[in-house]
Amino acid sequence: MSSVATKAGPSERVGRPPAIPQFAGRPRYGEKVIRFVLRIAAILTVVITVGILIALIVPSLGFFSQVSVGEFLFGTRWAPRFAEASFGVIPLITATLWTTTIALLVAIPLGLGAAILLAEYASSKARKTLKPILEILAGVPTVVYGLFALQFVQATVLRDWLQLDTGAFSVLAAGLVMGVMIVPTIASISEDAMSAVPSALRQGSAALGANRMQTTMRVVFPAALSGIVAAIVLGISRAIGETMIVAIAAGSQARIVTGPLEQGQTMTGFIANAALGDSRVGSIEYDTLFAVGLLLFGITLIINAISIRFVRRFREAY
Amino acid sequence: MTTQDLRDDEPEALHELAIELERKARARSIPDVPVGVMSCKDVDVYYGKFRAVTGVNLEFGRNEITALIGPSGCGKSTLLRSLNRMNDLVDGARVDGDVLFMGEDIYRKGVDPIEVRRRIGMVFQKPNPFPKSIYDNIAYGPRVTGMKVDSMDDLVEEALTKAVLWDEVKDKLKQSAFGLSGGQQQRLCIARTIAVKPDVILMDEPCSALDPIATMRIEDLMQELRQDYTIVIVTHNMQQAARVADRTAFFTALADKGTGDRTGVLVEFGRTTQIFEDPRDQRTEDYISGRFG
Ligand SMILES: Nc1ncnc2c1ncn2[C@@H]1O[C@H](COP(=O)(O)OP(=O)(O)OP(=O)(O)O)[C@@H](O)[C@H]1O
Ligand SMILES: [Mg+2]
């Protein structure tokens with residue numbers, strides 16, 4: 001997500017007759033091949049991204065020829081399958097907002113706390129054992145988390161133990177578990193960023209009479225800010241885009257969500273549900289999927305742009 | 001060489017002379033036995049099982065500059081770091097013996113290493129300004145230590161002035177410290193250390209990353225600071241030790257016959273003039289005359 005381009009000098013030309021004979025190098029064909037492969041890889045990434053965008057935009061155009069953008073973005077009733085169809089996306093957005101916010105409230109403090117602990121307090125031995133464990137956690141399939149949210153968090157903890165007034169699904173259960181799922185992502189990337197801060201800065205801070213927490217918060221944290229923000233943005237993107245957990249545990253009725261104990265269908269939850277159904281290609285139902293997908297894409301893009309500005313403004317590059 | 005250069009050269013030569021005279025004058029003015037602010041009593045420093053330094057007894061005199069010299073690996077930095085408990089940050093580092101600061105052992109139970117480091121500051125070999133503005137670099141120490149400050153602006157100006165950096169940076173206090181040259185960065189680090197008003201300043205090869213002119217400025221600065229502070233400097237530069245230090249301690253490393261571990265020991269400690277002109281130990285003489293090390 002870094003927007004800083006690497007400023008390489010003009011590339012050395014390979015195989016050009018040298019001006020001074022002593023400096024005649026052997027032609028480095030290997031380098032040429034590697035450069036070619038890398039260039040292809042770079043181009044491919046761009047092509048794929050553009051391809052995804054086009055694949056989203058084209059069916060969306062079909063959708064927006066029948067439903068106005070205003071009606072889509074600001075409408076408060078989401079009922080694409082009903083005879084009296086309605087395409088206001090607000091209910092989906094509220095559910096996504098709830099699950100994402102709850103997830104981040106869990107994931108950011110826990111993730112950053114774990115990162116600080118690992119990077120600044122743990123012995124190098126402890127770090128070497130804990131970090132891989134954390135990264136394994138990041139690899140647990142989300143369907144497992146989804147079942148955990150549904151069976152344990154919602155049914156057992158929220159309903160049986162806490163006796164909360166909630167149904168079979170809730171955005172709270174989905175959000176909490178999603179938060180746990182994101183912790184390793186945020187912790188691991190933030191820890192990398194903090195560990196990369198030169199220890200000379202820590203020593204300089206300590207030599208002035210700063211304690212460890214002060215050194216961490218005032219020197220290491222600002223210096224690692226771009227990496228930490230990148231970690232959080234990745235966390236947010238994962239929360240917004242997470243599908244399995246919300247499809248299983250958040251519910252499937254698209255109503256505006258006004259509290260954490262309510263069920264709700266998120267944008268991704270809708271896509272997952274509807275995509276499993278029998279929408280005909282080219283029908284408005286089918287195109288709806290892509291309109292919602294495009295919206296997701298747009299939201300993620302905006303968050304990225306904001307975070308880049310934030311980092312530019314506040315980071316203390318070393 | 002242009003006339004401009006000539007004109008610039010002259011005051012510099014005069015300046016060198018002045019320093020030389022000042023040094024001679026000073027050499028006479030220090031007491032025979034240092035009036036200790038800090039001292040080491042039978043200090044050993046270990047990294048895990050490895051004994052890096054052993055049996056060091058030293059007295060660092062008030063308002064004096066003490067130079068620690070010796071070949072690479074003899075434990076100068078190790079000893080210096082043990083003087084303000086920076087070694088605590090190294091896994092496995094341990095100090096035996098007493099390091100006394102104003103009569104109190106800084107390794108005694110109940111002593112807060114944070115407070116020790118506030119009273120005994122340190123300047124590092126490589127300039128390590130924080131990635132913050134020049135102003136915030138200076139204000140950092142007073143802020144984190146909760147110093148009572150009437151006006152931070154005044155404190156910043158005072159510290160930068162003492163470090164002979166004020167005139168060069170007064171118009172860009174809000175700019176990043178990374179925009180400064182290496183020599184300016186090192187003076188900034190010294191200013192940063194001064195700002196917390198320590199009693200002792202430890203410097204580990206503070207000029208080794210600098211050009212001769214920047215080095216000269218830092219040496220001048222040390223002479224200034226000597227009025228208010230006690231300074232301990234590690235240096236590989238013999239001329240520098242001779243120029244700036246009131247007393248000099250020469251270390252060397254002895255190999256253990258069994259393990260082959262090289263452990264640093266103090267060979268000789270005395271007035272700089274004595275160490276350089278009339279060394280008592282053959283090893284000192286060899287090192288200073290460049291036959292060894
Ligand atoms: N963090 C550390 N862990 C383990 N051993 C160390 C550590 N730092 C230094 N040593 C060892 O302690 C000995 C003394 O090192 P030190 O850096 O104090 O030497 P020095 O006299 O400052 O050398 P130089 O002049 O090259 O800076 C060396 O053998 C070194 O390998
Ligand atoms: Mg050293």
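Quick reminder: no glycine exception, Cβ is built from N, Cα and C everywhere.
Summarising the annotation, TrEMBL assigns domain 'ABC transmembrane type-1' to A:93-307. TrEMBL lists A:36-58, A:97-121, A:133-155, A:167-189, A:219-240, A:289-311 with the feature transmembrane segment.
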* Could you tell me what the rest of the chain brings near the transmembrane segment (A:133-155), counting residues at least six beyond its ends with Cβ under 8 Å? => 114, 118, 166, 168-170, 173-174, 176-178, 180-181, 183-185, 187-188, 242-249
* Quick one: find which recorded stretch in A:36-58, A:97-121, A:219-240 has the most Cβ pairs under 8 Å with the transmembrane segment (A:167-189). => A:97-121
* To do: Using a Cβ cut-off of under 8 Å, list the residues of the same chain at least 6 residues beyond the transmembrane segment (A:36-58) that approach it.
  => 290, 293-294, 297
